[in-house]
Amino acid sequence: MKSYLVGGAVRDALLGLPVKDRDWVVVGATPQQMLDAGYQQVGRDFPVFLHPQSREEYALARTERKSGAGYTGFTCYAAPDVTLEADLLRRDLTVNALAQDADGTIIDPYGGQNDLRLRLLRHVSPAFSEDPLRVLRVARFAARYAHLGFRIAEETQALMHAMVEAGELAHLTPERVWKETESALTTRNPQVFFQTLRDCQALKVLFPEIDALYGVPAPAKWHPEIDTGLHTLMTVTMAAMLSPDVDVRFATLCHDLGKGLTPKALWPRHHGHGPAGVKLVEQLCARLRVPNDIRDLAKLVAEYHDLIHTLPILQPKTLVKLFDSIDAWRKPQRVQQIALTSEADVRGRTGFEASDYPQGRLLLEAWEVAQSVSTKEVVAAGFKGAQIREELTRRRIAAVAQWKEQRCPQPQG
């Protein structure tokens with residue numbers, strides 16, 4: 001009975017990255033031996049145990065055989081005669097098929113260390129194609145390690161494309177697609193995830209609303225990159241630089257979905273694309289079962305992002321109505337989130353990456369002014385029932401108007 005550190009912990013240590021989770025494989029043991037040693041069994045489908053002290057996961061070495069459709073259609077065989085090499089063979093990528101024994105020796109039967117040096121994400125064996133979830137996992141790894149110069153091996157890319165063409169992605173559940181997407185959105189380069197999916201034709205299967213934006217032109221005056229699909233990924237790149245918030249990054253991804261509905265005869269203009277995109281955001285989020293708070297911000301950003309760009313000329317009444325519409329009084333974080341998504345939209349364009357975005361700062365200032373109006377003072381002044389809300393709104397508009405005269409003076413004449 002021998003334990004080996006495996007997978008991500010070994011990979012990240014070799015890359016000089018912080019190690020978060022440590023997983024272990026145990027060779028030469030039975031479930032009863034693990035229980036006798038004080039381990040707690042947690043795996044239902046195959047034998048996984050928690051260490052009595054560290055609570056880290058220890059899995060018995062196992063092999064897998066395809067026995068059904070999708071990423072759950074596997075029969076596992078775990079027994080003392082399963083070797084470490086056989087266990088590592090079932091892993092997705094060579095850089096994940098690494099192990100380390102107690103004295104620090106690296107066991108690398110499939111060339112993972114060399115691929116780390118080459119910055120390559122390469123599949124371990126043809127069995128890679130038996131699990132459609134791996135298309136998403138590789139896209140996520142590509143995003144996670146893009147800043148280190150990693151790329152996907154051509155033969156792995158070809159295999160991913162073949163899996164998509166064979167309809168394998170139909171076996172993925174919405175929850176798994178969203179889980180991988182959410183994880184990818186936390187990386188430094190989430191745009192790489194979506195670009196990777198597009199490169200292997202998976203984007204049109206999993207995110208048809210985003211794929212539909214490619215080939216849709218926008219006016220060159222405002223969008224030198226012209227293509228709305230390119231612009232979308234540029235805005236996601238910018239959002240990742242501006243905020244670590246998944247809500248902000250996802251809302252930015254979805255901000256221009258309405259442009260995919262514009263009739264070709266009206267190109268390159270997209271009048272009303274914001275409100276038009278709200279239904280597509282709802283559709284995408286319902287299909288992937290995106291959490292409600294993330295969905296709701298994405299809908300608001302789709303509807304109002306262009307309005308923020310015009311903030312210096314907006315009427316005080318319009319600004320206060322905007323705060324009402326986004327429910328800022330109960331969810332004040334939305335003001336900052338919408339400011340960031342609008343900034344990502346403006347700076348996610350060729351040649352505009354370093355642009356200043358004063359509208360974002362002005363939105364936050366206007367919000368501070370509007371929310372500084374005291375509800376207690378309105379009540380103390382004798383207003384009752386519906387009058388309280390009306391007077392509160394009137395005072396907020398007056399306060400924002402006074403602020404706006406100083407901060408956004410309009411030219412005379």
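Any Cβ shown, glycine's included, is placed from N, Cα and C.
Neighbour list (Arg91 (ATP binding site), Cβ cut-off 8 Å, at least 6 residues apart, same chain): Gly7, Ala97, Val124. The ATP binding site annotation in Swiss-Prot covers Gly8, Arg11, Arg91, Arg137, Arg140 and is backed by sequence analysis.
Arg137 (ATP binding site) has a Cβ environment of 19 other Cβ atoms inside 10 Å. The secondary structure of Arg137 (ATP binding site), as reduced to three states from DSSP, is helical. The CTP binding site annotation in Swiss-Prot covers Gly8, Arg11, Arg91, Arg137, Arg140.
For Asp23 (Mg(2+) binding site), the Cβ neighbour count at a 10 Å cut-off comes to 16, with all displayed protein chains included. When secondary structure is read from DSSP and collapsed to three states, Asp23 (Mg(2+) binding site) falls in the strand class. Summarising the annotation, Swiss-Prot assigns Mg(2+) binding site to Asp21, Asp23 and lists sequence analysis as the type of evidence.
The domain 'HD' feature in Swiss-Prot is assigned to 228-329.
Mean model confidence of the domain 'HD' (228-329) amounts to 96 (pLDDT, 0 to 100 scale).
Comparing Cα positions, Asp23 (Mg(2+) binding site) lies closest to Gly8 out of the binding-site residues Gly8, Arg11, Arg137, Arg140.
Secondary structure by DSSP for the domain 'HD' (228-329): 79 helix, 0 strand, 23 coil. The DSSP secondary structure for Arg91 (ATP binding site) is coil.
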